[in-house]
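Peer 1: In case it helps, Swiss-Prot gives these features for our protein:
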type	residues	note
DOMAIN	207-537	domain 'NACHT'
BINDING	213, 214, 215, 216, 217, 218, 219, 220	ATP binding site
REPEAT	879-902	repeat 'LRR 1'
REPEAT	1103-1126	repeat 'LRR 5'
REPEAT	1128-1155	repeat 'LRR 6'
REPEAT	1212-1235	repeat 'LRR 7'
REPEAT	1351-1374	repeat 'LRR 8'
REPEAT	1387-1411	repeat 'LRR 9'
REPEAT	1421-1443	repeat 'LRR 10'
REPEAT	1447-1468	repeat 'LRR 11'
REPEAT	1560-1580	repeat 'LRR 14'
REPEAT	1588-1609	repeat 'LRR 15'
REPEAT	1642-1662	repeat 'LRR 17'
REPEAT	1670-1691	repeat 'LRR 18'
């Protein structure tokens, strides 16, 4: 409004009267000094009255009323002060005041308080002019915005109602999920929201708001509507509103200032630059009155800049890049306090940097009612019939309805329906509504073209798409060009006028007035919506001939809905891939062919459609997809309508969706995929925004088994909507509504709806806001859901009263098996037994009911609560566990609980741990343990304050009761009082009560403290405690004197059988019911003095039945040992004494050695002074004991004591066995020992181990020994150990040379060097000694390299060894020692055993060996192991000699090659070897593989056969058929090994049946064949008859589960079995095998490796292994055992000390847990 147009004589009083409310609002926001100036104009009396009103607003309102009735002069002064000093005066009021001041400028009172420059007429006239310019521009803006609104809404059918269009506010920013990889799918939850109408967006000013909405949600329309409402007078707090569109701003490339942005690109000033400057100054001076709306940030080509990268304050006149300028506006770097509204899509919200200075709102779509209303409005002019039909079609089509929740798509669906109904398509047979978004857009395209003006044609038979395919192709190319270059606006010069007119008339394009970067205007166009542009681009890709298949695939990729700052900015909706998928649908083929238009159009279209489908198939198999990409994949499949593709996506048991927005279209696509897959699935929604309309689509998901909702945003309203669909989910088994906003109201509706889901087994409503009322409601649900197994209610607001409601229902509903409530952990669970009908009836409840448990922890329960709880449980049959731990019962509560025990007749355990019970409570329980028949154990700790558990007998325990000879049941009882300080008075009370116990009793006082007085009290009662079995005092701080008092029990109490005392270690005393015949005493880890030791020995003197005494680890010194040695003859010990790990030196060793003289009953002394572990054991004479033994190891004797020790040993004539290990003895010392110790010619055995005894030194030592002592009978060197035995001449066989008086000859019978680094060159020194050994019968060389020197040695000594019968030569590796073979010619002809291993024998050597064998007429055993390198000729020469050895009883020819002629010769020779008992031909075969059958046929005469090994002969079924002819005759057969022979399942049956005749069998090895379940079935029948079988190996045969079951049946009776190997047998179901092992009482070695076994097998093993007391090794390599399974094994090992190793290689086990540190659990080969 201009000044010239204003009434200059406007009355001052009228202005105040008309603007009174506005003036009051202004004055309420002013400072006190301004109000004081105004109150100064009022008379004193009135001022006082006004200032005493109740509040400031009433005072100001009265003040304004005062001036409304004052005179003109006073009123003018009032307005003058307002204009001069008040802030935030609205523009129109400011203009009126200036006008009044200007009309009477000279009449104003001289205001000394106002500066002259401001109060001057010139200043007021200048301001009036500027305000006039601002008002003029404001009016122009309002007119401009109203015209734009009319243009935007010209085709809108329905009036836009801001008060009926809703948004929801987010109270915090969205979680940027992909910025945190560690939470890639869980993400943060978006916090609570609240709804508001869109008109509220501008009601509050001064804030930055991001309004997000999906493409097509109506953001642009609503922004124009808001601007229109402002222009009409709404939002009075906003003086100026600027609406800018990002699609226009995209055209700006150069930097610009705020002024240039407003007056070049929004609305240029109609007047000169002076007006622009005035408006800008007003904007800068009044930012709180300015509003900016930036529409379509998603269409902006750049990103907002982080405000941290901008300057603190940005100059509004400074030219900046557009993104920086807009970022400065949004972050208050420019115009702080102005209102900014930015519209965008949800993914773009993250681009607005900053803190809490901006708000996020989300535009909500249509609900079903709004969809219906819009559809009715759209078809209002079409007539009632079409309108009703359109509404009916839309509401009945869940595809169309799901799309219509987006307003833009709702409009699209209406256009589609309009075309469908008005073009008579609906009347054509077989015509259906489109079922995908792409198909709808194809209909839209046809609809747009059909209504295009000027497109008419006389050709009514040509389809529209074909008729205008050229124009469509050009528009499609334009769309694709824009898509590739991120352009949505096109200048008119980029397309022809005809094409623009066609597009605009059809509604595909919209014309635009574009403002260029220089401010000039020109015509342009854009597609009516981004989705239209993307659809047209997809048409281009599918129809343009220039597009290659490679280009097509590049455009097809899955989009994630999780966004990150690093994601590239795009202006499009990322729907191109969906339209491409939709166009690949079969239903779109004909339309694409029309648009293609070429001769081979169909072939090209089909090829491109196939390429799209194949690419999608690759996406399916490309690996694990995240939730957003799963949804996108489902959308793609839904668009294709391809069932096969949907089935490929569907096979997954769980669809996890986290932190994404889901709309009805998404759920519709998900339902399409899930319903196509033939399996049950789970839908898991975590913090996803789900529109209520989505829930109505979920019932379309067939096979839905589990439904999870997890987010605070899921509240009662959501639960109400969910309740509406639950009755439709008939296959639903699990419902989880957790971590939500559910209250009793929503829960009641949810529970009510759940009644209609008969399959529900699990209901989880934890972490909500439920109270006891909901508990009551959910218990009403229990009898109505017959299959319910679990209800979870934790983390709610449920009190103990609610818990008692659940506890009370345990009696009413028999199928409740557990109620668990832990207040500290906030867990409340109810478990139900399966397959039991829920019924409140309690009639005829029998013992078949499952046991029940009630667990109430950390509820601060007191004795009064127990008084209320127990009556509730009175009728609860089968209640076995009552756990009330971690409460506040105290002794009084415990007593109250015990009073109610008679009503709990099925109870097995009561846990009242951590309940404030003290020792008085424990004492209260002790008489009950004696008097209550069913109370079997009281387990308490820390004087009852921590653990306190009562255990009662049950049916299971009753079955294990011991039965006495009189037939009476004996129920064992136990009192555990651990970690307790038991005072003497308490000990006295306990023992007085327990002495009356009639049942066998165990007492456990471990880990506590016993003072001497308490120990004395205990000892006073122990002899009279007749029922006591065990007293456990482990880990108790006890004095040595108290410990000695306990030892006194061995003499004071004749029932004492074991006393084991360890300071702070395992300590216990065992008693028998009758007098003990034998007793053991262990007194360890005490620091015993000589006085203590003497006292102990004095006590033990009176124990006449002591068998073993262990004084290990008592810090005994040499002098203490001397004292003990003096006492030992007086002690009547019959077994052993252990002095391990004390502080002995070599002096102590001599004291112990003296026992051999002083105590005749001492049979053995073993001493080891090793650094790691000291061992000192004294053994006593047992029955059948001949001679004494002395063992000494790791004792480095000083040089002056060596001779003394050796002489001492030499005098011990009774010592027969002497073992000396690692004592640093030299060769001279050993020689001296051999001379002196063995000089008396008594029978002696000496073993000496020193690290230097090897190689040449070993040979030299043997030579010296033979020369020093001719009585040596046997001498061996094995590694570094020398072993020799000496016999007297009387017992030795006297050779002829001795009879002839040659006493220098040795009587040695056996010399052996085994793996001791001896080589042939070392043996020369032995020659002379061997020539003097005429009695030598055995000569062994193992693991050595003979060489030429060794061959020479053999050639030299063999002729002199007249009595040699056994010669063994095992080479170290495969070495060529042919000279050794030649040396064999010198051996005596009466040689009986010859063993050659790893020798390389060529033809000449084979011939020599063959000739030699012909002369060995007494040969009984021949072994040629891996002796290779002869040709066929050499092999024949060898075999010809071998077959002449008719007396052979054993042949081993492993891994040698024979040709067919040699095998034939060998086979013929075998028939003559009727004495043969053992034959091993492992992997011995001709290169051609023939001759096996001939060889097997030759075995028929060998009826004495005991062992046969034929590994790797590849005999196959024909070989087995031949073999089974002979096996029944081998009745003495003990071992058979036919591994690696390609035996089939059928042949295996024959073999096993034949073996049934061999009842002496001890070993069967059949690994790596082709046996199956048929062989196993026969084996299961035969094995029980083989009672002596010790080894069975069936590894690497595909026996599978059925065959395994057959073997299991036999295992039950195999008591002698020691070794069982079932490696890789084709089944993981080995639970039955594990279960049967308990029957194999002799088992030592088990292998179940490489079977992919699960934890169930391990758990069964853990249960069985404690019964396998001889097991040493268990192999479980390469299975599927996880950490929990390994922990079960580790726990089991604590009870199985006999097990040496369990191999767990190649299993998915994390070895972090301490329990897995047991060294016997082997996880790797290192």
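For all residues, glycine too, the Cβ spot is worked out from N, Cα and C.
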Peer 1: So which residues does the repeat 'LRR 5' (1103-1126) touch in its own chain, when a touch means Cβ under 8 Å and the partner is 6 or more beyond its ends?
Peer 2: 1050-1051, 1076-1090, 1093-1094, 1097, 1132-1145, 1147-1148, 1151-1152, 1154-1155, 1158
Peer 1: Helix, strand, coil residue numbers for the repeat 'LRR 9' (1387-1411) per DSSP?
Peer 2: 9 helix, 8 strand, 8 coil
Peer 1: Relative to the mean position of the Cβ atoms of 213, 214, 215, 216, 217, 218, 219, 220, the recorded ATP site, which additional same-chain residues have Cβ within 8 Å?
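Peer 2: Going along the sequence, the neighbours come out as 345, 363, 406, 407, 408.
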Peer 1: Including all protein chains shown, what's the count of other C-beta atoms within 10 A of the C-beta of residue 215 (ATP binding site)?
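Peer 2: The Cβ of residue 215 (ATP binding site) has 18 Cβ neighbours within 10 Å.
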Peer 1: What's the number of neighbouring CB atoms sitting within 10 A of the CB on residue 217 (ATP binding site)?
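Peer 2: Total other Cβ atoms inside 10 Å, all chains included: 26.
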Peer 1: Measure from the Cβ of residue 218 (ATP binding site) and count the other Cβ atoms within 10 Å, all protein chains considered.
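Peer 2: There are 23 of them.
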Peer 1: With helix taken as DSSP H, G or I, strand as E or B and everything else coil, how many residues of the repeat 'LRR 14' (1560-1580) land in each class?
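Peer 2: Going through the repeat 'LRR 14' (1560-1580) residue by residue, I get 8 helix, 3 strand, 10 coil.
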Peer 1: Cβ-Cβ under 8 Å from residue 214 (ATP binding site), same chain, 6 or more residues apart: which ones?
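Peer 2: Residues satisfying the criterion: 345, 346, 363, 365, 406, 663.
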Peer 1: Need one number: mean pLDDT over the repeat 'LRR 6' (1128-1155).
Peer 2: 87
Peer 1: Can you check which residue among the binding-site residues 213, 216 has the largest number of Cβ atoms within 10 Å of its own?
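Peer 2: Comparing the binding-site residues 213, 216, the most crowded Cβ belongs to 213.
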Peer 1: Using a Cβ-Cβ cut-off of under 8 Å, list the residues of the same chain that are 6+ residues beyond the ends of the repeat 'LRR 15' (1588-1609) and lie near it.
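Peer 2: Answer is 1534, 1539, 1559-1577, 1579-1580, 1616-1627, 1629-1630, 1632-1633, 1635-1636, 1642, 1647.
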Peer 1: For residue 219 (ATP binding site), which of the three DSSP-derived states applies: helix, strand, or coil?
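Peer 2: Assignment for residue 219 (ATP binding site) reads helix.
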Peer 1: Tally the residues of the repeat 'LRR 6' (1128-1155) by DSSP class, grouping H, G and I as helix, E and B as strand, and everything else as coil.
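Peer 2: Summed by class, the stretch gives 13 helix, 3 strand, 12 coil.
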Peer 1: Taking the Cβ of residue 220 (ATP binding site) as the reference point, list residues of the same chain whose Cβ is under 8 angstroms away and which are at least six residues distant in sequence.
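Peer 2: When sequence neighbours closer than 6 are ignored, residue 220 (ATP binding site) has 152, 245, 295, 296, 343 within Cβ distance under 8 Å.
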Peer 1: Using Cβ-Cβ distances, find the residues under 8 Å from residue 219 (ATP binding site) that belong to the same chain and are at least 6 apart in sequence, listing them in sequence order.
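Peer 2: Long-range Cβ contacts: 211, 213, 295, 296, 343, 363.
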